[in-house]
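The transmembrane segment annotation in TrEMBL covers 26-47, 59-78, 98-120, 140-158, 197-218, 238-260, 272-292. Annotation source TrEMBL lists domain 'G-protein coupled receptors family 1 profile' at 41-290.
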Amino acid sequence: MELSNKTRISEFLLLGFSERPELQPLIFGLFLSMYLITVFGNLLIILAISTDPNLHTPMYFFLANLSFVDICFTSTTIPKMLVNIQTQSKVITYEDCITQIYFLILFAVLDVFLLSVMAYDRFVAICHPLHYTVIMNPRLCGLLVLVSWIMCVLNSLLQSLMMLRLSFCTHLHIPHFFCELNEMLQLACSDTFLNNVVMYLAAVLLGGGPFAGILYSYSKIVSSIRGIASAKGKYKTFSTCASHLSVVCLFYCTMLGVYLSSAATQSSQSSATASVMYTVVTPMLNPFIYSLRNKDIKSALKRIFCVQVM
């Protein structure tokens, strides 16, 4: 009897946000618009940085990588949801679900690592300006990004392989618009203790570690800014890291809000709605935050559009 309940499943059902048919066109249009804005905005940032020699600096190198990761992060979830709405199907295969988990974890943790690396870049630029070009040399910048990719790929591979050892019962409904790791563990009818240990350990080491690095960098930055005599000098120095700080606050606050709210309400539906903030809204807003407050990016974008018009 126990073996019959643990049959090999082939697909799950993504319940999404609402089952009301009249809301599906609205949800489709809203998420398609946000997805296109995210892809187009981040591609413009990458194009501006790659074509303007003035932007070939460590800070913009990391920003280009962040924009690329944001495109991939959003593309992991939104296209599948749009296809399901269009075809009026909620099905996602077991293989696609595991693949989606792999790439979701990969790009989410990569976001964290890149934000941490960018904080270190701002720390060196403000606290050690005379040694900035020596410390943040192209070799170190490439190495930081490469190590981030390697660690994130290995972590995602471990988490995904551990999902393969689980058995799933007859309840195959995922109250989400993507295959979220924690939701999948709750559906499993086999022992998930080891999976939970690995998941929370990875969250502490790969999420909390970089966040501690960001806090340390900004504590040193604040101390350095406080030592500047003039208010104008303080403002000018702080403005160089204001965009990055805004993105860090937006990403971490929305992600923290998602898990605190889901823990408080115990509602998977509200958790799915809140997850939109860090999976869709944050990647969409990043290009605006960096372009609207950055004269170099705005100048590069103006030159691109001027060339296109001519």
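First residue shown is number 1, and so on along the chain.
Cβ from N, Cα, C; glycine included.
Nobody curates TrEMBL annotations by hand; they come from automatic prediction.
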Beyond the flanks of the transmembrane segment (26-47) by 6 or more, those residues with Cβ under 8 Å of it: 16-18, 63-64, 67-68, 70-71, 74-75, 78-79, 81-82, 85-86, 280-281, 283-284, 286-288, 290-291, 297, 301, 304
Arithmetic mean of per-residue pLDDT over the domain 'G-protein coupled receptors family 1 profile' (41-290): 88
Folded-back contacts onto the transmembrane segment (59-78), same chain, C-beta under 8 angstroms, at least six residues removed: 31, 34-35, 38-39, 42-43, 45-46, 49-50, 100, 103-104, 107-108, 110-111, 114-115, 117-118, 121-122, 125, 141, 145, 177-178, 279-280, 282-284, 286-287, 290, 296
Intrachain residues whose Cβ lies under 8 Å of the transmembrane segment (197-218), provided they are six or more past its termini: 109, 112-113, 115-116, 119-120, 122-123, 151-152, 155, 158-159, 162, 181-182, 185, 241, 245, 248, 252
